[in-house]
Amino acid sequence: MCGIVGAIAGRDVVPVLIEGLKRLEYRGYDSSGIAVLDGAQVRRVRRTGRVAEMAQAAQAEQLGATLGIGHTRWATHGGVTEANAHPHISAGVALVHNGIIENHEAQREKLRALGYTFESQTDTEVIAHLIHHHLGSAGDLLTALQHTVKELTGAYALAVVSQAEPERFVCARMGCPLLIGVGEGENFVASDVSAIVQATRQVIFLEEGDTAELRRDGVRIFDGNDAPVERPLHLSDVSLASLELGPFRHFMQKEIHEQPRALADTIEAAIDAKGFPASLFGANAEAVLRDIEGVQILACGTSYYAGMTARYWIEAIAGLPCSVEIASEYRYRAAYANPKHLIVTISQSGETLDTMEALKYAKSLGHLHTLSICNVPESAIPRASELVCYTRAGAEIGVASTKAFTTQLAVLFQLTMVLGTLQGRISDAEEAEYLEQLRFLPGSVQHALNLEPQIMAWAERFSPKENALFLGRGLHYPIALEGALKLKEISYIHAEAYPAGELKHGPLALVDAAMPVVVIAPNDRLLEKVKSNMQEVRARGGELFVFADQDSHFSDSEGVHVIRTPRHAGVLSPVIHTIPVQLLAYHTALARGTDVDKPRNLAKSVTVE
């Protein structure tokens, strides 16, 4: 992995490829490259480091062509070297690849026996040689690709050019996202619409097992059986403006500040309906949701913490049992399946491989009803789900998720309301009260954003630290986990989170004067318990940084620093308390001088295991 772009046009496509790769930088990468068909010759430029360095090299070599492919690589097989960077070439065939080929060693040995030699450590070079091998018998590039993919085990998105066929290039998809952009006399392929939005907003999403041929004047798509197939054309709502920084220093900062609008857009349908109709989740949602007897949530990373928060809501308000599992664990265990339990998958991109595979596994076990919560329309997970609700967060570029998380919480709260209503657990008066809380949520988030100057001062104290501890209880324990994740992701400070009640069962051994302890302390029924836990920290010399509600009775004292969030927002308080931990992570990373939007070793869309 991590990003693919390709183009065929009546103009020089090198600027399109370079711009596309720059727009894919947010996904995370460590090297990049392009290959173009210049006359009857494949010319290639690859570099480790930033796309800008590769672009300078391409300019120096005066690369120009009407057909080409490009790639940003995040190392999986083989280290970060120019030899391992894509595109890979076998004779006159050049290829870029996202994904992991699980049987690459067996294929490598077979190819060596046929006389092929390898210049890299990657699984991708195996595919290039296989395509070249099949060209001899297949006679054309598309057929060679179709023969090749049938020999591959694993996940892939591929784009391939051949010097023998200058009028077209081909692509394939299995387990990794890939789309086609349709233009006027030009066509494109990309792993993400942001890579081609400067050229076209008309896109076709390839399905699992699809292969395709792209020419200047048209596109042909074939299914997994190599039969011609039509796929629908969509108009993407991603705009160039959403991919620009504007007045902000980083995309993460921009996206933190976009949360009031993102939340308002996400809850708009419920506000307009003056309630929580099941139709928020699909035309047949009422019939599906009325009969379920429990909920099982599958997700990874930040989305998993959103699911953890929802478990408190679903069990307390809707009165249904709810379990939350890390998708990569669930898919490999002998799980118990209750067909009456709703499977909910959460993924910002809608393409997270572990979550997609967990969904497939749940279906194979006999789960009848599935619902996905995603931010990207027409992505793989929604297409594989019975019901779907899209967060309306807009494009999220920063690797560390912010507005996707809070809008996921907003959707999960609405799901709780729908389930509670259908289960007869919520009265009309209670529904009206919850709706009012939801209505005020964007404004409360804006008030929390106004705490930024105070949090910046805290960040200066955090920046020299090497470790941090986050504590929360009940609904706010998942927010403590999210705060710790954000801090470690972008500042590289080792941070852990625990339920505050677990302090005495181990984590208290870590507390000393050098350990900052962040406490989420809303004015709820567990506040006095949290205060007792805070005393345990102070007694060991730990320094406390407390996020408390306006109506919580806290004050600064020696070793205790307090920032007051807006007045307690009831069951939606976790959304409010997310904002300050995001800001703390952002400004601490800023103070430490890290690359906020592209943290080391991380990718935005995790489309491999």
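Glycine is no exception: its Cβ is also placed from the backbone N, Cα and C atoms.
The feature active site, nucleophile is assigned by Swiss-Prot to Cys2. According to Swiss-Prot, the active site, for Fru-6P isomerization activity annotation covers Lys604. Residues or ranges marked as domain 'Glutamine amidotransferase type-2' by Swiss-Prot: 2-217. Sequence annotations record features per position, and here Swiss-Prot assigns domain 'SIS 1' to 285-425 based on sequence analysis. Swiss-Prot lists 458-599 with the feature domain 'SIS 2'.
Secondary structure from DSSP puts Cys2 (active site, nucleophile) in a beta strand. Helix, strand and coil counts under DSSP for the domain 'SIS 2' (458-599) come to 69 helix, 32 strand, 41 coil. For the residue listed as 'active site, nucleophile', the count of additional Cβ atoms within 10 Å of its Cβ stands at 27 [all protein chains shown]. Residue counts of the domain 'SIS 1' (285-425) by helix, strand and coil are 65 helix, 27 strand, 49 coil (DSSP-based).
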